[in-house]
Amino acid sequence: MTQIYNFSAGPAMMPKAVLEQAQAELLNWQNQGTSVMEVSHRGKYFSELAAQSDKDFRELYHIPDNYKVLFLQGGARGQFAAIPMNLIGKKGKALYLNSGHWSATAAKEARNFCEIDEINITETDANGLISVVRTDFSDIAEQYDYVHYCTNETISGVEIKEIPNVGNAVLVADMSSNILSGEIDISQFGLIYAGAQKNLGPAGITIVIVREDLIGHARQATPSIWNYETQANADSMINTPPTFAWYLCALVFKHLLKEGGVKAVEARNLKKAELLYQYLDSSTFYHNYIAKPNRSVMNVTFTTNNDELNAKFVAEATQAGLQALKGHKVLGGMRASIYNAMPIEGVEALIAFMDKFAKENN
Ligand SMILES: *Cc1c(COP(=O)(O)O)cnc(C)c1O
C-alpha cells in the first residue's frame, strides 16, 4: 500500500501510535476481558481513566487550578448555544467578533438566546488578501457579559494569534481547530471550548475549560446536560458520557506528553506550516490569500485560481496518497489541514507533489 497522508479538516487524522494502542487493547482493556466501550462509566476503571485524562490535559495545557475541564457532547455547535445559556447575566448581551464562517455561525446561534452585537474584525484588500484588523476591544468590552471569538477559522485558514484585549471582560474562545497546537495563557480566558475531532481525538466529545466563577449562573431553562454547574458537580457524568471517544482523547493526551508536551508539538507545527507557506510564497502557480500574520498554522488554504486545475490537483493528489485536500465547499480551492498528528513527512510529501503538479501543468 502507498503511504497515505490524510489532510482532512475534521474528523481528522489521529496519531498512529494511539490507533495502534487502541487496536491492541480493543478486546481486552485493563485485563477485564472486555473493551473499554462495554464497561460502566461509573466503574473503577473508567473513573480512573476520566480522572487521569483530566490530570494529563491540565498538565499538557498548563490549566490553572481555578478552571474546570468538562468533557461534554454536542460538539462545538452545542456550545454555541450553551455559552449564552450559561454566561448571559446582568448585562444581558454579548459581543461577537466575526472573522469568518465559524465565528459568524456562533453569533447566529447566540442570537436565539440573547442580544448580541457583532463586529467584523477582518478586511479583504483589493488583491483578495484577508487580514485581521482589530484586536483591541478594551474600550467597549465591559458593557458585555462576554466577548466571543474564534482563534482559528478552519475553513479560510485565518488564525488570530494575538489574544484580543477585552480589559476585565470575560473572553470566550472557540479553539476547535487549534486547541493544543501551541502554548497559550489560559488565564486570559473565561472559557475555551473545542470539538475533539480536529486536534484532540475522534468526533463525539467536546472539551470546555471554564473559570470557576463563571459556573453556577445558568438561566433557569438550561437543560442539565448543557449546564456547566451540574456537569462540573457530576465530573461531566450527569448522564452517560461518550466513553470510547473520551478514552481515545485520554490516549492522545498521554501520547502528547510523551512527545514532549505542547511546547515540543508547537515547534513541530510551526516548522510544518513554515515549510508549506514558504513553498507557496516561492510559487507563482499557487496562491494563498491570508495576510502573513494571520496565516493558520493548522489549516493551510491555497488555489491555482482555476477551478478545473484545482479539481485535477485534488484528484491526482488522492491518487498519490495525499487525501482530503479539497477546500471547503463555501471557499473552493484546496486546504491542507496539518494538525498535531500530521508528521513533517506528510507536509514534505505534499510539497513534493505540489511542485511536480505545478511543473506538469504550468
Ligand atoms: C469544526 C468546527 C466547529 C464545528 O464543530 P462541531 O463539533 O461539528 O459542532 C466549530 N468551530 C470551529 C472553529 C470548527 O473548526
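Quick reminder: no glycine exception, Cβ is built from N, Cα and C everywhere.
All annotation found in TrEMBL is predicted automatically rather than curated by experts.
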Problem - Matching residue for the pyridoxal 5'-phosphate site, where TrEMBL names Ala76, Arg77, Trp102, Thr154, Gln197, Asn239, Thr240 - out of Asp54, Asp125, Asp174 - result: Asp174
Practice task
May I ask which of the binding-site residues Arg42, Arg77, Trp102, Thr154, Thr240 have a CB within less than 6 Å of any atom of ligand 1, listed in sequence order?
Solution key: Arg77, Trp102, Thr154
Problem - Site of maximum Cβ density within 10 Å, from binding-site residues Thr154, Gln197, Asn239, Thr240 - result: Thr154
Handout entry: Integer Cα-Cα distance in angstrom, Thr154 (pyridoxal 5'-phosphate binding site) to Arg42 (L-glutamate binding site)
Key = 36
Exercise for the section: Tell me whether Asn239 (pyridoxal 5'-phosphate binding site) sits in a helix, a strand or coil according to DSSP. Expected result: coil
